[in-house]
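Written out below as structure tokens is the structure these notes cover.
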Amino acid sequence: FKFDAVLPPSATQADVYNVSAQAVIQDVLDGYNGTIMAYGQTGAGKTYTLSDMVFDDVGSFHSTGIIPRSAADIYIRAERDKDHEYRISMSYIQIYMEMIQDLLRPENSNLSIRETEAGGIFVAGIEEVQVKSIEDVMKLLMIGDRNRRFAFTRLNAHSSRSHTIAMLTVEKKAPGISEKVLVGKLFLVDLAGSERLKKSGSEGLRASEAMSVNMSLTALGKCISARADPSVLHVPFRDSKLTRLLQESLGGNAKTSLIVNIAPCSEYLQETLSSLQFGARVSVAMLKTIAIY
């Protein structure tokens, strides 16, 4: 398999950020949309890669995973830019069993995906909070994470049962009377882990959750395969809420990186092979792909 980068277990969180996200952040500040997705089996480290945060002895935050690092990078670059004014806002949602829920206002559930007159995609009714510092972003992440769907399985004692998407919107304008505003959106996507029911031991509701996750990941794979094949005229974005919401990330004005998290142990050889094959299809679709083991 050939990817844009392959990171071994000795790689640091900073290494992961530098190869997968740093260039995307600059594109967002230049007015493009950017997407960073983490894919892999349950327990392979996707949430750690994206959302890990560390507190010091006095309770201060330290940016560790890609989401807090991305937010910190945006604020650092915005502060250095003396020629523009910035407004940054954040939303945080999860897709659970094909229903979209606002993680910042969990009472807002079963939200709808709408299309703008210009063809853009958005979620109607989600909370969008202006954030003025990296601390604001991390506090909202903590609030949202408390509302995420997790459950115990044999593969992971804290298995995510939903796809989560943190969205940072950056508005950039020159001070004065100019009305020209550059808008870039950053989508940070923690895909729920694929799993085989025989290995996870999921039953009842847990099994229904796993099947819903696997179906949406299959739909994502079909969209990526269609994008990679120039002879295919139709990309089935409407097959799932996940692919519909990521439609612009997969086929529009967006710079997209996929991180493939794999668990390099013989017991999960089939799952690892499946994840690598998924990443290879993404690579053919001309999206940047990074494997971490």
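For all residues, glycine too, the Cβ spot is worked out from N, Cα and C.
Feature annotation from TrEMBL assigns ATP binding site to GLY40, GLN41, THR42, GLY43, ALA44, GLY45, LYS46, THR47. Neighbour count (other Cβ atoms within 10 Å of the Cβ, all protein chains): 24 for THR47 (ATP binding site).
Here the domain 'Kinesin motor' (1-285) returns a mean pLDDT of 85 for the predicted model. Residues annotated as domain 'Kinesin motor' in TrEMBL: 1-285.
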Packing count at GLY45 (ATP binding site) (other Cβ atoms within 10 Å of its Cβ): 18
